[in-house]
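If you look up Swiss-Prot, you'll see 9-271 marked as domain 'Protein kinase'. Among the features that Swiss-Prot reports, ATP binding site is placed at 15, 16, 17, 18, 19, 20, 21, 22, 23, 40, with the record citing sequence analysis. Look at Swiss-Prot and you will find 139 tagged as active site, proton acceptor, backed by sequence analysis. Residues annotated as compositional bias 'Polar residues' in Swiss-Prot: 360-406. As annotated by Swiss-Prot, region 'Disordered' applies to 360-458. Residues annotated as compositional bias 'Low complexity' in Swiss-Prot: 428-445.
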């Protein structure tokens with residue numbers, strides 16, 4: 001016999017059933033197209049007429065939230081309707097044609113790192129919006145993420161709030177509360193299992209979902225370090241990059257204070273390759289969570305992706321008492337970074353990288369090694385501080401001290417090296433004098449192609465690049481990037497405009513705290529740098545970046561070919 005719900009929705013088949021009710025695939029008989037939809041039947045777990053009114057009110061409130069969420073994002077199913085019938089509650093939502101991540105893995109095996117990164121990068125902006133509405137999903141897992149057939153986008157389904165309303169009871173104080181905990185064992189963290197979920201609880205679940213996609217292992221199949229609570233999973237995913245591993249590790253940290261504080265922060269870490277230390281400012285507990293005192297870190301984002309609109313903390317009116325956060329376990333937070341800059345919730349990511357300028361007056365007198373790995377201890381790590389550098393005419397070469405020095409801070413409106421006020425434009429020729437060698441007379445200036453030993457060092461190229469940015473000469477800095485980076489639409493969706501939005505609009509200053517040569521030959525070089533960003537918003541963040549440079553013989557300079 002044909003089943004018709006609410007005299008409208010014709011049931012095609014049952015998609016699933018459980019303690020809360022059943023889920024059907026149905027057709028809307030009152031739509032000309034007989035549009036397919038998902039109908040979820042929910043029943044209260046307590047058959048108590050006294051609390052039925054409370055259940056009804058909470059159900060209506062949560063359904064309204066679902067409507068709001070679905071109307072914003074194409075990656076959350078649209079709510080078509082909700083109704084009640086025979087003490088049961090029904091939600092009618094968009095039918096998403098696609099495969100769950102569980103089904104996808106069963107079809108083709110574990111996913112590649114790039115596929116998992118794409119899923120995370122596409123889902124985190126959705127989670128950011130959900131959290132901005134003070135909603136915690138509470139049941140993120142492979143079964144609740146569908147890869148839509150028509151565009152391959154991940155869609156987040158089955159929010160837990162509506163189901164939770166079915167467990168409404170009256171506590172001993174006479175207040176309505178829920179008698180059930182929403183979530184899936186293994187995918188939900190300890191605070192959620194205790195009935196105190198926070199925003200980072202969703203990030204924890206998403207991190208474990210990523211591990212499942214990379215390894216094929218369910219959380220219950222993974223061991224846990226008994227002292228720290230750390231989940232041991234790296235042995236099952238040996239070929240993934242340290243950056244992705246670090247992002248996942250922070251997302252699944254046992255204590256919420258050690259996780260990313262927001263979906264935006266996790267997204268930036270993925271896009272930039274920068275996993276920062278947890279912030280030291282307290283975070284306010286979301287209103288939708290229970291009122292047991294519990295503290296989550298603040299919304300602090302890591303460069304270079306923050307904007308005024310996407311870093312607003314989502315919190316209730318009453319803040320918990322600020323307490324410092326323990327950083328003992330955060331040493332694994334910072335790994336390798338990439339200099340990707342800019343972005344949006346769906347946004348642009350911009351890379352700022354390094355190379356030298358042909359007119360730079362400071363060069364390194366040591367010869368550039370060929371195909372040699374150089375110890376950090378034997379390589380100049382930073383340019384000497386301005387206070388330690390004697391005033392030198394622009395036409396003189398300064399020998400760089402091979403001993404690591406203090407970090408150099410380049411103010412926006414000042415140069416780190418002393419030059420005459422009426423110095424020539426940036427297209428001025430190279431200095432024509434050089435420091436004589438002790439045993440041989442100075443060689444005359446030559447016009448033939450520059451040999452490798454006369455080139456500016458790759459380390460100096462990194463410092464010069466940030467000097468250019470700190471002076472606000474963004475177009476010059478942009479032209480110091482390799483064309484492959486300029487034209488990479490994943491990094492610069494709008495080309496130079498994306499680059500300028502980040503460096504000109506968000507960053508106040510960048511300190512080059514340390515720079516060292518890893519290896520080099522006549523055509524390529526690899527440089528490690530430690531950077532500190534000073535944002536116009538007042539925030540600070542550090543990152544470690546590994547630059548790959550290639551020699552641009554036409555312009556006698558190093559240009560960046562990669563960074564991570």
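Backbone N, Cα and C define each Cβ position, glycine as well.
Each of the recorded positions 15, 17, 21, 23, 139 was assessed for Cβ neighbours inside 10 Å, and the highest tally belongs to 139. Here the Cα atom of residue 15 (ATP binding site) is found 18 Å from that of residue 139 (active site, proton acceptor). In this structure, residue 15 (ATP binding site) is part of a beta strand by DSSP. Under the three-state DSSP scheme, residue 21 (ATP binding site) falls in the strand class.
Residue pair residue 17 (ATP binding site) / residue 139 (active site, proton acceptor) shows a Cα separation of 16 Å. The residue listed as 'active site, proton acceptor' is 16 Å away from residue 21 (ATP binding site) when you measure Cα to Cα. DSSP assigns residue 139 (active site, proton acceptor) to coil, not to a helix or a strand.
Residue 23 (ATP binding site) and residue 139 (active site, proton acceptor) have their C-alpha atoms 16 Å apart, to the nearest angstrom. Across the residues of the domain 'Protein kinase' (9-271), the predicted structure has a mean pLDDT of 88.
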